[in-house]
Amino acid sequence: MDGISQWLWKQEYWLPPGIVWEDLDEIAGSRRPLPRDLLLALPLAVGFIALRYAFERRVAFPLSRALGVRDQVRLKVTPAPHLEAFYSKNSRQPTQNEITSLVNQCNLTQRQVETWFRSRRNQDRPSNSKKFCEASWRFVFYLIAFAAGFASLINTPWFWEQSECWRGYPHQPVQDVHYWYYMLELGFYWSLLLCVSVDVKRKDFKEQIVHHFATIFLLGFSYCSNYIRVGTLVMLVHDSSDFLLESAKMFNYAGWKKTCDSLFVIFAAVFLVTRLIVFPSKIIYTTLVLSMEVFEPFMGYYFFNALLLVLQALHVYWAYLILRMIYKFLFLGKLDKDERSDVESEPEEEEENEEEEEEDQSSWRKRNVVRDSRLAMLSSSCVLNNLTNQKAHANRRLPKAR
């Protein structure tokens, strides 16, 4: 273990050439970054999970009812032991061959098996109340984190001039407010990662996992290497738009269409500016270019910038989804659900498509019934007209007969 620890904490990996761990010990001030400080993030993550549990039940759920959030009533499926076992252990969406095998086992038709699986998946879909509670918890954290982070950075020199991030490096003391800013953000992202199995799985589920891991590694590495000034700017840029997205989701689940659309437009503008302009031109530029005025490239330099570029790639992907929504709004006249992360995972999207197809079939049947009734009325009207004409003709011929 000692050999692994010595290899892991080799100063060549973490610090620029010419700087050793002893240089960090010489930092003046009440606090200096120590790797063991990161262990505090794990109990903070557990505390966030407990606080979220209480918040969602005591605050978020009553708020959802006050705002008018309504859950769709979903009927339970007919008990089928073989199908339930397959659903739980194998797959939620069986292939055609598996459906054929299940038909033989359960003495059901193929249509009945497909309907059972569709209903069973629909039964497991998260309710609007659950999604509202999750969005409201994230909204509260991101809002408080952004407000606190902005207040702590507004008077710092590196907030206005990013080259100040490297002035005096590595002898840069850590202020208590920035220490707690780091620990709370790191604990929160750990809590998101620990709860990923119970949270709502969305369309960008894999991208969110990559984002959480990249953020945790980025915060951990930047803290140990005393890149804290840059790290605080990274957190502030991300929090600036996240709370707007979560608030738009909340009003979407509540059915406040106009409020949701307005908040989404504001979120899209802030996201595109901060993630596609400010983040690469200010933060990535200072870590890639301006830092070279202070030290030479080393392994940690490449690792840190690689994580920033991973985040930027995710920003470009999400910006593409947002711009696609804006295109639909401008040229098609409608603003759909948030394609960035408000759409459910792919299996549930297919369920929605199937439900829409069933609704289309139902409406088609109704139109056929209306058409048939109109044809019947038209034919009966024609018969009555013929009878009336025949009677009138017979009455005209009657005097002649007399």
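The backbone N, Cα and C atoms fix where each Cβ goes, and this holds for glycine too.
TrEMBL lists 38-55 (among others) with the feature transmembrane segment. Same-chain residues lying 6+ beyond the ends of the transmembrane segment (38-55) with a Cβ under 8 Å from its Cβ atoms: 136-137, 140, 183-184, 186-188, 190-191, 194-195, 220, 223-224.
Marked as domain 'Homeobox' by TrEMBL: 83-127.
Per TrEMBL, DNA-binding region is recorded for 85-128.
According to TrEMBL, the feature domain 'TLC' maps to 130-331.
Taking Cβ pairs closer than 8 Å, the transmembrane segment (139-159) reaches residues 55, 165, 167, 175, 177-178, 181, 184-185, 188, 229-230, 232-233, 235-236, 239-240, 242-243, 246-247, 250 in its own chain, all 6 or more past its ends. Per TrEMBL, transmembrane segment is recorded for 139-159 (among others).
The annotation transmembrane segment is assigned in TrEMBL to 179-198 (among others). Among residues of the same chain six or more beyond the transmembrane segment (179-198), those with a C-beta under 8 A of the stretch's C-beta atoms are 31, 37-38, 40-49, 52, 141, 145, 148-149, 152, 208-209, 212-213, 215-216, 219-220, 223, 228, 231-232, 235.
According to TrEMBL, the transmembrane segment annotation covers 259-279 (among others). The list of residues near the transmembrane segment (259-279) in space but at least 6 beyond its ends in sequence, with Cβ under 8 angstroms from a Cβ of it, reads 234, 237, 240-241, 244-245, 247-248, 251-252, 311-312, 315-316, 318-319, 322-323, 325-326, 335, 338.
Marked as transmembrane segment by TrEMBL: 299-323 (among others).
The region 'Disordered' annotation in TrEMBL covers 342-366.
Feature annotation from TrEMBL assigns compositional bias 'Acidic residues' to 344-361.
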How does the model score the domain 'TLC' (130-331) in terms of mean pLDDT?
91
